[in-house]
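This report refers to the structure that appears directly beneath it.
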């Protein structure tokens with residue numbers, strides 16, 4: 001895909017519903033009793049994989065209007081054994097969260113995915129679920145998918161997370177719903193708490209105190225009406241674009257600004273980006289607001305510690321901002337980026353070098369020397385939606401056209417991204 005430089009971006013837009021929250025709403029709606037209505041659900045491929053898998057377990061879905069789905073939930077015992085392998089595409093969230101649910105079902109299931117998902121570590125979810133009594137087999141000594149799951153009667157667990165991961169935390173909490181007793185998960189750094197908020201919306205008994213989340217097993221979940229805010233991870237691309245292009249200003253509307261997800265806003269502010277959040281409200285326990293950003297003088301900073309889990313999906317676009325900043329940006333504690341949809345440290349470092357930026361990478365760190373401009377180049381996306389979108393933004397500030405290979409992967413999280421970008425970009 002050829003992307004031309006832009007003079008500026010301007011205007012306002014809405015990005016799709018939050019991918020993380022959409023997954024959780026669909027899964028909980030399927031194990032709640034009664035009708036669940038989800039508005040502004042993400043249309044992305046990842047969420048479609050979750051819906052497809054749950055349909056194969058006997059749950060009915062319908063649509064009343066664009067962006068709205070209705071789920072006929074059958075309660076905690078309502079799922080039935082799938083007759084075929086559940087293909088979850090590129091979605092690590094689908095695989096990890098559904099593993100938690102399927103571990104407690106009285107049937108056998110097999111989960112697989114595309115070539116990229118099969119490279120992602122699954123032992124981090126297999127270990128705690130096995131401690132609860134689950135029987136899960138995976139490739140390479142239970143490290144990778146495909147996963148074969150024989151559901152069992154699970155026991156509650158007190159689990160201390162070795163690596164910050166909202167997906168693993170969520171898998172344990174979802175499994176905990178099916179136990180007789182209280183399951184507790186303790187984190188060193190807080191990760192996104194959408195599962196906790198969503199569980200509460202469905203009537204689950206869940207609480208959090210001093211880094212430990214507890215869920216009461218056999219909570220009676222009831223169908224609910226859910227509104228999904230726009231995805232801050234998708235909004236971040238436009239916020240950075242406005243900050244690095246001259247005479248630019250953008251507003252992204254109805255964005256989820258849950259504090260466990262706003263690390264990207266905090267980092268960009270620290271770099272000098274002019275960002276404002278307005279029209280703040282709350283729906284289903286999630287905070288929502290309009291986020292505006294405009295042309296700014298960025299400076300290099302150091303990033304690490306507790307903010308990393310709150311920003312884990314936004315680092316590719318933060319690296320683009322760092323390349324346009326004055327001075328050096330040093331990011332530590334990001335080893336997790338090595339095992340996302342791609343090795344995001346390596347993929348971003350390679351692409352930035354192609355565009356003329358000096359980069360040093362370590363196992364869990366990266367140093368970016370801000371230059372203030374990009375060379376047009378040919379960039380490989382590594383089949384990773386966030387890599388493709390990050391370099392699409394860099395291309396707007398390049399000195400000539402940029403080519404990005406394999407952009408179909410963008411549909412993983414943001415179908416229509418390039419069309420949305422074209423609507424706000426001014427090129428003549």
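Glycine is treated like the rest: Cβ placed from N, Cα and C.
Because the structure is a prediction, the values reported are computed rather than measured.
Listed in TrEMBL:
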type     : residues                       : note
DOMAIN   : 6-421                          : domain 'Enolpyruvate transferase'
BINDING  : 19, 20, 24, 165, 167, 313, 340 : 3-phosphoshikimate binding site
BINDING  : 19, 92, 120, 167, 344, 386     : phosphoenolpyruvate binding site
ACT_SITE : 313                            : active site, proton acceptor
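Features as recorded by TrEMBL, highlighted on the structure.
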{"residue": "19", "record": "3-phosphoshikimate binding site", "CB count, 10 Å": "26"}
{"residue": "20", "record": "3-phosphoshikimate binding site", "CB count, 10 Å": "28"}
{"residue": "24", "record": "3-phosphoshikimate binding site", "CB count, 10 Å": "27"}
{"residue": "92", "record": "phosphoenolpyruvate binding site", "CB count, 10 Å": "22"}
{"residue": "120", "record": "phosphoenolpyruvate binding site", "CB count, 10 Å": "19"}
{"residue": "165", "record": "3-phosphoshikimate binding site", "CB count, 10 Å": "21"}
{"residue": "167", "record": "3-phosphoshikimate binding site", "CB count, 10 Å": "22"}
{"residue": "340", "record": "3-phosphoshikimate binding site", "CB count, 10 Å": "21"}
{"residue": "344", "record": "phosphoenolpyruvate binding site", "CB count, 10 Å": "25"}
{"residue": "386", "record": "phosphoenolpyruvate binding site", "CB count, 10 Å": "30"}
Can you figure out which of 19, 165, 340 (the binding-site residues) comes closest in space to residue 92 (phosphoenolpyruvate binding site), comparing Cα atoms?
-> 340
Which of the binding-site residues 120, 344, 386 has its Cα closest in space to the Cα of residue 19 (3-phosphoshikimate binding site)?
-> 386
Binding-site residues 120, 344, 386 vs residue 165 (3-phosphoshikimate binding site), shortest C-alpha separation belongs to 120
Residues near residue 313 (3-phosphoshikimate binding site) by Cβ (under 8 Å) yet at least 6 apart in sequence within the same chain, in sequence order, are 233, 386
How far is it from residue 167 (3-phosphoshikimate binding site) to residue 120 (phosphoenolpyruvate binding site), counting Cα to Cα, in Å?
-> 13
Looking at the binding-site residues 20, 24, 340, whose Cα is closest in space to that of residue 120 (phosphoenolpyruvate binding site)?
-> 340
Three states by DSSP: which one describes residue 340 (3-phosphoshikimate binding site)?
-> coil
Here the Cα-Cα span from residue 344 (phosphoenolpyruvate binding site) to residue 24 (3-phosphoshikimate binding site), rounded to a whole number of angstrom, reaches 25
Grab the pLDDT values for the domain 'Enolpyruvate transferase' (6-421) and give me their mean, rounded.
-> 98
